[in-house]
Amino acid sequence: MGIQGLAKLIADVAPSAIRENDIKSYFGRKVAIDASMSIYQFLIAVRQGGDVLQNEEGETTSHLMGMFYRTIRMMENGIKPVYIFDGKPPQLKSGELAKRSERRAEAEKQLQQAQEAGAEEEVEKFTKRLVKVTKQHNDECKHLLSLMGIPYLDAPSEAEASCAALAKAGKVYAAATEDMDCLTFGSPVLMRHLTASEAKKLPIQEFHLSRVLQELGLNQEQFVDLCILLGSDYCESVRGIGPKRAVDLIQKHKSIEEIVRRLDPSKYPVPENWLHKEARQLFLEPEVLDPESVELKWSEPNEEELVKFMCGEKQFSEERIRSGVKRLNKSRQGSTQGRLDDFFKVTGSLSSAKRKEPEPKGPAKKKAKTGGAGKFRRGK
């Protein structure tokens, strides 16, 4: 789930924190990708006639096709991906996981009813709701990545938290996921739609945490409290407090404790045994990979082993897989170039689709030229 309504809230109240780019803009960038989120997207999107791709034994292969070709596309555009896989979910997430199980059970009932009624659109909708990333999906994707020469890491807990830690440490330029709580975990830059289907033609969205905090007038701990009020995977929120009201309350009172002291409990009942303090601690000090111990290396693909796995075991076309390997090898030759802004300071500012910031004048203009977007430039 991530954080409910956070993307829209940022677009509404801190639009300069969002930048849209074409994939070509990320040449030379290292990016930490939430693997489970990507695999889920592949299982949803890579389909034939509404059904997931399968081999003759009935094994699902959509995740492998998606991982293979989307990774090649990133490499061809000069992006160096590292995939981060989920570890053990935190105990605080048990309530959210139980709710998901309930929703799956309900979707199974609705799917059966839709099948009996012959309602094709409803069947497709509820089938997608039942999609779940399994250990087998993860293990097969790890094997594929190792054969492709693409690094992956196992997070001790939530993948997006470790993605954020790598970005904070400067090991990568950004964390890539659809879950907005990557910002809550402190990633300086969050990228959305990086692994989305090309057919959707979605521009990649960048969310810059420093601009979010600046425009909202909050520090990181206050931003975490705002996200808890909006609704997260780790504890309940206060019913009746919408996004705009949550922002107003945090800006005025600075913490959940101060807000609760002033709330009318008859209008805004606080959840019983509310675990907001524990959720705050989890966001501020999550269990993550140690960035200093991480060494990222992209190596040559093992063509024959890839053919053996993807064609021999999973029954993909050998011609297509070998063609993909050629593209991958060619992309590796091109990606040895660095980015110009790794050597020269880049000036400018983030643009917003919603609001263009006024051009500074006089001394302010001179100051803006020497500062600009340098604070957003990350050298990895």
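Note: Cβ is positioned from N, Cα and C throughout, glycine not excepted.
Record note: Swiss-Prot gives Asp179, Asp181 as Mg(2+) 2-binding, and the candidate from Asp139, Asp225, Asp233 in that site is Asp233. Per Swiss-Prot, the listed range annotated as region 'Interaction with PCNA' is 336-344 (candidates: 300-308, 318-326, 336-344).
Rounded to a whole number, the distance between the Cα atoms of Glu158 (Mg(2+) 1 binding site) and Ser187 (phosphoserine) is 13 Å. Here the region 'I-domain' (122-253) returns a mean pLDDT of 91 for the predicted model.
The distance from the Cα of Lys80 (N6-acetyllysine) to the Cα of Arg70 (DNA binding site) comes to 12 Å. Neighbour list (Asp34 (Mg(2+) 1 binding site), Cβ cut-off 8 Å, at least 6 residues apart, same chain): Ile84, Ala159, Glu160, Cys163, Ala175, Ala176, Thr177, Glu178, Asp179, Cys182.
The residues of the region 'I-domain' (122-253), classed with DSSP into helix (H, G, I), strand (E, B) and coil, number 69 helix, 15 strand, 48 coil.
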